[in-house]
Every structure is written in structure tokens, then in C-alpha cells.
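According to TrEMBL, the ATP binding site annotation covers LYS154, GLU238, HIS273. Marked as Mn(2+) binding site by TrEMBL: ASP513, LYS682, HIS712, HIS714. The substrate binding site annotation in TrEMBL covers ARG585, THR849. If you look up TrEMBL, you'll see 158-355 marked as domain 'ATP-grasp'. Positions annotated as domain 'Pyruvate carboxyltransferase' by TrEMBL: 504-773. Annotation comment: TrEMBL describes 1050-1119 as domain 'Lipoyl-binding'.
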Amino acid sequence: MLLQVGGKRSALGLLAIRRVWSMSRSAHTAPQTLEYKPIKKVMVANRGEIAIRVFRACTELGIRTVAVYSEQDTGQMHRQKADEAYLIGKGLPPVAAYLHIPDIIKVAKENGVDAIHPGYGFLSERADFAQACMDAGVRFIGPTPDVVRKMGDKVEARAIAFSAGVPVVPGTDGPISSLQQAQEFSNSYGFPIIFKAAYGGGGRGMRVVREYEELEENFQRAYSEALTAFGNGALFVEKFIEKPRHIEVQILGDKYGNVIHLYERDCSIQRRHQKVVEIAPAAHLDPHLRDRLTADSVNLARQVGYENAGTVEFLVDKHGKHYFIEVNSRLQVEHTVTEEITDVDLVHAQLRVCEGRSLPELGLKQDKIRINGYAIQCRVTTEDPARGFQPDTGRLETNIPFLQNVLSNNQFLNATVDTQFIDENPDLFNLKPVQNRAQKLLHYLGHVMVNGPTTPIPVKAKPSPIDPVIPPVPLGEPPVGFRDVLLREGPDGFAKAVRAHQGLLLMDTTFRDAHQSLLATRVRTHDLKRIAPFVAHSFSNLFSVENWGGATFDVAMRFLCECPWRRLQEMRALMPNVPFQMLLRGANAVGYTNYPDNAVFKFCEVAKENGMDIFRVFDSLNYLPNMLLGMEAAGAAGGVVEAAISYTGDVSDPTRQKYSLDYYLKLADELVKAGTHILCIKDMAGLLKPDSGHLLVSALRDRFPDVPIHVHTHDTAGAGVAAMLACAEAGADIVDVAVDSMAGMTSQPSMGAIVACTKGTKLNTGISLEKVFDYSEYWEVTRGLYAPFDCTATMKSGNADVYENEIPGGQYTNLHFQAHSMGLGNKFKEVKKAYAEANKLLGDLIKVTPSSKIVGDLAQFMVQNSLTRAEVEERADELSFPLSVVEFLQGHIGIPHGGFPEPFRSKVLKSLPRVEGRPGASLPPLDFQALEKQLRDAHGDEITPEDVMSAAMYPKVFQEFKEFTRTFGPVDCLDTRLFLDGPKIAEEFEVELERGKTLHIKALALGDLNKAGQREVFFELNGQLRSVLVKDTMAMKEMHFHPKALKDVRGQIGAPMPGKVVEVKVKQGQQVEKGQPLCVLSAMKMETVVNSPLSGTVAKIYVTADSTLEGDDLILEITE
């Protein structure tokens, strides 16, 4: 595949050539010994783009075309572009098929082919092929067999050049085929030297050797490559010239002794001796040097009677001296840039010369060839520059980003490059990643169509086919809300305004906490964004919207494959007037573990910068040191601090004294003393009955008349609305609600019910009930899209037994799901009883994430092992408890009120260490600069401060998220049904990548399983056919595949690229040193030595010679 940048074409175009030929034919008298014989049918003994290039020229000249193809190339385009196509080399590997001369000649003879064009590579420089064509009575479009032989033999070509007076680089007098001959040459001329294939080019069989120790290995690699690529491993050796320019001259000869040049090309930009960029003409080339190069090329061609197209190649050293290196007796890949600057169609000329036309007849005289502008050709390959140009698999990755860096490099722009340009400019490999979003999304959709959802689905329910309707939203900016007060007066002024407000304020939890089940954490930004403008316009008098933090932070990356920070940014833009509220787990931030203090402070800072306003700070044990750290971090960031007292027990029950009214009042004293702006009661299990709620809020209001009080509960028992109204009557300023269709059961109380019940009273919310109905209708339909995660799939009502088992809302639904998925649905009552017993075993805890999970883990452990509370206490020193239980007893999440249960704790821990004091206090500060550098090294310079924060909180989850988006693109653009279930065949849909950029996609078909365990999925994208190959994970489990090397296992050596094993250089049990060759791989006819990255013993070898490998396939294992 070629990218070309051409100068303006001159008047001597194709039609002009024809016109000049017709006018001059009568004036030019060709020697009578030759006869003009028109070609009627041409075969191209090649494949790919060069075959198509020749076919195009033939079609323009009215010549019929024939393609040949290997079994592996059955579906290739060159076969389709020809008038006729025939299989060659049946049963042979692909390269061997195109080297099979008898088959090619047989097809030509059987199908009336007049002439064969060899293209480039394969047989294009094989004299025996040219001779076989002539022997069969088929013309060879190229030089005569004798000239091909002389020019193909690099040693003989050097001798001819020498006799023609053309400077040559010192080299061997003839081809060599033994290491001893190479050693003799190096002893005479010293290093560096270069091996070159004697019977082919293109960088194959070419190796530079700089010291004696490298000689044997490089000789073997060069010989093997040459043998594979050209059928002959013979080499010749030259003295290697350091940092030359590589200049080649295009020549064209006819059967009458006429030879012209079409000026030069600069091919200095190379890797592994293969050209990457070609420029015609060479920039800043001394005119006298140009004259010498072109004159030497023409003289050399005349010396051998050269006919047809060819290239004479030179190296030019830093002193301006030029040296002949070889003649390529064929058309070259880069011939197109010469065509651009001279306006001469070289393939047309090849065909006409082969027919017997002379160059003057074709209007091709030296004085008429002019340079007109510049042309650049860049070779686009499926190689990965970031991995040393190793061949890459798949259809997407190319070297285009690398080429863009080359074209913008100052050294390139100043035309001062040499053959070491790539090696000496490592910045060329700082590749800007391409987005390729559309193709990645097709890959994702195909993956879901083949393998099902990427996010785990707890129940077998399909998303609803009905799309939600967004209620009308007025034009213009939304009304002023409480956020305007906060921005104007700051957190203290905001708190005063809340306290002074007449009526009851509501916080809407619909955007995050609603239903406290899997549903709460699975709702996607896509659906939140659609309703956000309506909320901003219709509910501007909300106290706040809870839309971020807590469990939704990591789940956004882990299961929804979207960035939590981007969610916050986009929501902020759509709801500028309503305060946002998040859940901060004290010293645990939004995680489940302890973080260094500076990480918690930095998190709050970044959250505030991205639009967060109110930080509800809590600790799962009400452990004051953890809470105080979170409060301090939120306050330092400039946020509103809402310290939350996690509620359990029953303050109205005099028999329950551990968590008494006095306990809560004393804790509130500490929190207010620490400077909280708002005091919150966080009733995670929905245990606040109307009486206990009234009692607690009344006591707090009496104690703190100026501090706003905010109450959060769950409606698991069904008494949530009554409890919130009782709290409001007692003096609460704010209560939490969810919109009706997302309320009830383990969610918050109904927004509509609270609004209706307070209407016309002193607690009037000021919210329109009609707007609540519209809001609820949207969420009722949207909820259907998340049917696989909805607790109502297994749970049909709330249950007042929560007053006994005290299971928090979110955990209640999750345990219900888990019980059903484990086949314990009929034992859920037993699970709930075990939860209450586990809570007592652990000393009667405050139960909020993560302490609630610890109780739940112990409860399931008891049910699975049929253990009673008494049995657990008795056998505590011998049972293998869940890790979360052990770590809790060690003190990893803090110290519970009343201390740890003894002797249970001591029996479980035995000699295990205990954490004293606040768990995070002893952690060293997190080095954010080092983390950012690490992330940039791994993911490029697009890393943001928000990304750094995500990695600090959840390193593994963030890494997996980045890998996912690198593969599948921005899946958050997809609507929810497509994200979860993929499209149906023939379904048409749109995907908005960004404002003004919309993809029109239609799913067309799902292919059959291939031998690699893949299915091809076909789409129409913006009217064009696209397809993706997707691994069928279920099918692959039943098929045998080579194991992959695990990147995090140091001794597993994987294939650095796809290819074939040429040689295994070690044996099982052998001791190897770091850097020692282990095996040799061949790909794209280039050989690569895989060296050992460490010293050790070869434990196991997974490959043999001729094994075909994919990238990262396991080669062998080494133990240190």
C-alpha cells in the first residue's frame, strides 16, 4: 500500500506519449531484424498491489490480463481485478507457490498468454524464470535472461560496473556459501562488513556485522533469509559504508540499444535495509554528482545491452563519493514517484518495449525527460514501529503514525537524511495514537454479537426493546439553583442558606444510589446525560443530586467501561445550577482499602475541580480518625463537608444500649467540633422507624440549632416515607428521595410521595408533582433497559425482617442475587438469619460498605459450611475464615465501637499481626509524579490528572480499562441496548461519537467459525462495507490453541511477532545466559533472533522448527 505526494504533472502524459509515438514512427526507422509483435494477453506472476498496477496499465492499453494465486490468496483483490485467474502451487506454502516456475509456465501455455510480467520480488530477478518463459515461447517483460543473470549476480554486476568505469565498494570476487569465506574477507578488510543476497534484493538476506563475535550468527541468518526468499542462499560480502545516502537511478532501455535515465530517487530512509520513504528527485543533490550518477547508470546499462525498466543503485558517502552497489533488473515499488515527476508511465513503456517498440518511437528521448516538482512515497505496512517494526497481525495497525513523524522531522524537511536516520532519531517512535474509533466500536459490537455482553449479567433477562422518551426541556439556561448560592457565598454561606430555607429540601439519589442493587452501579452515563437537562430545568430547587462516588467510581471502569471523571464533567456541563453530592468513604476515599493521606487529599481536590460540590464523608465503623481525615481533605479542597453518622440499632429501644442516643450525640459533638458544614444521619439498612427518627433528629436539633441536618434512609421495610416525614417534623432540613419508578424496597423513599404529602404544609418542597411524574416515566422505561441487573428479577417486595437482620439496602439485593445464582434462592431466609448471627459474632457492627461486606462474607461462609454461631466461636482457632474477616479483625479498616470481640479475635488471628490506630496513618505518601510518568510510559502522553487519580485508587482496574478502550474504543457512545446486547442482524442504528460526528451503522451478517476460532462479522458503516474478526470464546475453549506467554511471569518467553520457527537453538534443561539466542523466527521473509532476557535453565520448550506462531505465543520457559 502506498501513500504518494506528487508534484504537478507535465505536458508529456500518457496521451502525449501515444501522440508523439504516432507522429514519429514514420520518421524513425527501426532496424529491420526486429519485428513489432503486439501483446494480447499478459500474466502477472505476482500478487497484491504490483499485480493490480500492471493489470491497470494493460487495461488502459487494451491488453487482456491473467492473475495467478496461491491457495492462501483465494480471496485477494489481485485475483478479482484480472480478466482471468488461475490457481498455482496447490498444496504449497504461499511463497513457494509463487516461486513454482513449472506451474506458472503451464498456466501461461494453457491459456494463451503472450507475455509474463514478473512484478517485483519472487521470480522477478531469476534468470532461470526469464529463460523458462523464452523456452516456452512466452515473452518475459524485462531484460533478457542473460542480463537478468549478470545483474542478479551481485558479484558479476560489480565486475561489469568496474569494467564500465563505475566506482564500486570493496567486496568478494564471487558469491560465497561458507562461513570460512566470510571470515577470510573480514580478515582482509576489517569490520564493519555487510552480507547481501547474491540473487535478490529488498533487504532480504542482508546483515551488517560490526565485530567478529557477530559473524557466524549473521551469516546464518542472511543465508537462511536469502534461501527462503530467492531459492538460493548464496551471499556476497562488501565493506560496509557508514551513514551514506542511498540514491538510485531509474533506467529504461529498448531492444535497439537505446538507454535513457529518468533521474534519481533518494531511498535513504530505511529500516532493516528496507526502504520506508522514497523521494524523487533527491533533495539538495549536487548537480555534478547527479550527472555522474545518471551517466554511470546509462553507461552500465549500455555495457550489458540492457532493455526494459531497471534501477541502478548507489551509496553516496559524506564526502560526495558514489559507489555502485547493485542493479535491480525489474520494476521497483517506488517506480511511481519517478512517474509523478517525469510523467512517463513506466509500465506502459515496459509493455511497449516488450512488443518491440523503440524508445524514440514512444517519444522517450533523453532531452525530452524533465523533472517537474517532487514526489514522495511512503510505504504503509502492517508493522509496529513501537516494537522494532515487527510484523503486526490484524487489519488495523499500520506504520502511518511513524510516517507522520518522519514527514514532520526537521532533519527530513532539511533533506539531510542518510541510511542511519531512523536509528539516530528515537523521537520518531514517539507515536501519537490514532483514534480509529469507528472500527474499534465495530469490533466491540461484533464481540458482543459473538460472545455476549462484556459486563457480567446476573440473571438471564434481555434489555427492554422500548426506548425511553425524554420529557420536553425549555430552551435557554436553567433557573438559578442552590449551586449559585454555593458559588457566590462559599460552603459556610451555603450551609446558612440551607438552614434558613423555609420548607423541606430534597436530595435526589436517582442518579447514583437509587435501588441500591446492581442496578445502582450499572446505570450508564449515556442514560444519565439524556435526562440531566430536564432535571436542571424542572428541579432547580433541589438541595443536591447524588450522582458520583462510592461504588459507582470503580464500577464505571470495571463493568461499564467508561471514565468516572468524564461522567462528572459531562453531568456538570448539563446541570450547572444544582449542587452535586458524592459519597466519600473517609480515609478510604472511593476505595475499599487504606490510602496514603495525600492520596485522599488529592482525590478531593481533583473531584472539586471537576465539579463536585458536597462531600458526604462517612466511615463504615463510625471510626472517628478515619472520618476526620476525609472531612479535612474535603474541606481543604473547598467542598461542602457533610459528615455522616452511620446509623444502626434502634435509639427508641431501651434494651439496645450499644448504639444509644447518647452514643450518636457524642459522635455528633465530635463532628461538629471538627467543622462539618452539614450533619447527616446515614441509615443504610432502613432501620429508622418514625419514632426513632423523630427522637434522634429532635435531640440533634436541640443540641445543634444552627447546623443543617440531612437524613438518608432505605425503604426496605416499607416505612421510609413515614420515617422521613417524622424526621422533617423533628427539624431535619433535607431528606433523600428517589424518583417514584426507582424508589421503594431497598432504594430511597418515593420523591412523589414526599412531595405530595408535604404539599400545602410548612414542609412544602416547592417541587411540581407533574414534573415528578414526567421524570418517573423516563426512568420507568429506562429501568427496563437494565432488566438483567434489576433486583425485581428475584425480589418482589420489601421485608420488615430488616429490623432484625439489619442488612443494608444494597447488600440486601446483592445477597438475594448471589443466593439465587448459587442455587440457594430457597435458603435466602437462612442467609438472612446467618447475617444477624455473623453480626453478633463480630461484636454488633455498624454495617456500611466495607463492614457490611465483612458480615455478609462471614454469613455466607456459615451457610456454605452449615455452621452455627456457637460452632464458629468454638472452632475459631481451626476454621479458614474469609480474608475480609481476618483483615477486619487485624484492624485494617479501623477499630469498631466497643472494640473487637474477644476471645473470638485472638482465636482467629493467633500470631497474625495487628494494626494499631488509624490504618492509613503509617502509609508513606504516594508519589504522584512517579505514577504519572509510569502511566505516560505505558499509555502515552494523553494521560490526564484524572487518569492518575483513577490509577491511584484502582491500579489494576484502571489498567484493564485502558486496555479495553484501546481495543474497543469509546463504548460509552453506544446506547444501552447495543452496549449490553449488541445489534440484531439487519438492524440499523446511529452512534454519536461527538457533537456533529455521527456514525450510521447496519449489522449485516455473522460469519461461520474459521480454523483460528474466529467469526467474521459484517457491517455497513456510513454506507461502506466493513468487517471485523472476532474470537469465539466458547468455541475456542473446545479448540486447541498454542498457550500465550504471560507478561507478568518473568521466565515465560513469548514470540515478539507472528511468524514461523526456523530454528530452536537450545534444549530443555540447558543453562542459558542473558542475551543468548534461544530461537529464530521468520516473518515476511525476515528472520529475527529471540534472545534470552535472563539467565537460567530452560524448563520447557513449546515449539519446534516449522511451528507457526502468533504474537506472544509461548516459546519456552526459563527458571532462574
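Just so you know, glycine gets a Cβ as well, placed from its N, Cα and C.
Structural mapping of features recorded in TrEMBL.
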residue	record	Cβ within 10 Å
LYS154	ATP binding site	24
GLU238	ATP binding site	23
HIS273	ATP binding site	18
ASP513	Mn(2+) binding site	28
ARG585	substrate binding site	27
LYS682	Mn(2+) binding site	22
HIS712	Mn(2+) binding site	28
HIS714	Mn(2+) binding site	32
THR849	substrate binding site	19
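Each residue contributes its Cα atom, and for HIS273 (ATP binding site) and ARG585 (substrate binding site) these two points are 59 Å apart. Mean per-residue pLDDT, taken over the domain 'Pyruvate carboxyltransferase' (504-773), amounts to 95. What surrounds the ATP site, by Cβ distance within 8 Å of the Cβ centroid and not counting LYS154, GLU238, HIS273, is the set GLY171, ILE194, PHE195, LYS196, ALA197, MET206, PHE236, ILE325, GLU326 from the same chain. Taking every pair among LYS154, GLU238, HIS273, the residues recorded as binding ATP, the greatest CA to CA distance is 16 Å. Comparing C-alpha positions, HIS714 (Mn(2+) binding site) sits nearest to THR849 among the binding-site residues LYS154, GLU238, ARG585, THR849. A distance of 12 Å separates the Cα atom of LYS682 (Mn(2+) binding site) from that of THR849 (substrate binding site).
Note: the Cα of GLU238 (ATP binding site) and the Cα of ASP513 (Mn(2+) binding site) are spaced 74 Å from each other.
Of the recorded residues, LYS154 (ATP binding site) and ARG585 (substrate binding site) place their C-alpha atoms 75 Å from one another. Break the domain 'Lipoyl-binding' (1050-1119) down by DSSP state and the numbers are 0 helix, 39 strand, 31 coil. Recorded residues HIS712 (Mn(2+) binding site) and ARG585 (substrate binding site) have their alpha carbons 15 Å apart, per Cα-Cα distance. Across the fold, the C-alpha of ASP513 (Mn(2+) binding site) and the C-alpha of THR849 (substrate binding site) stand 13 Å from each other.
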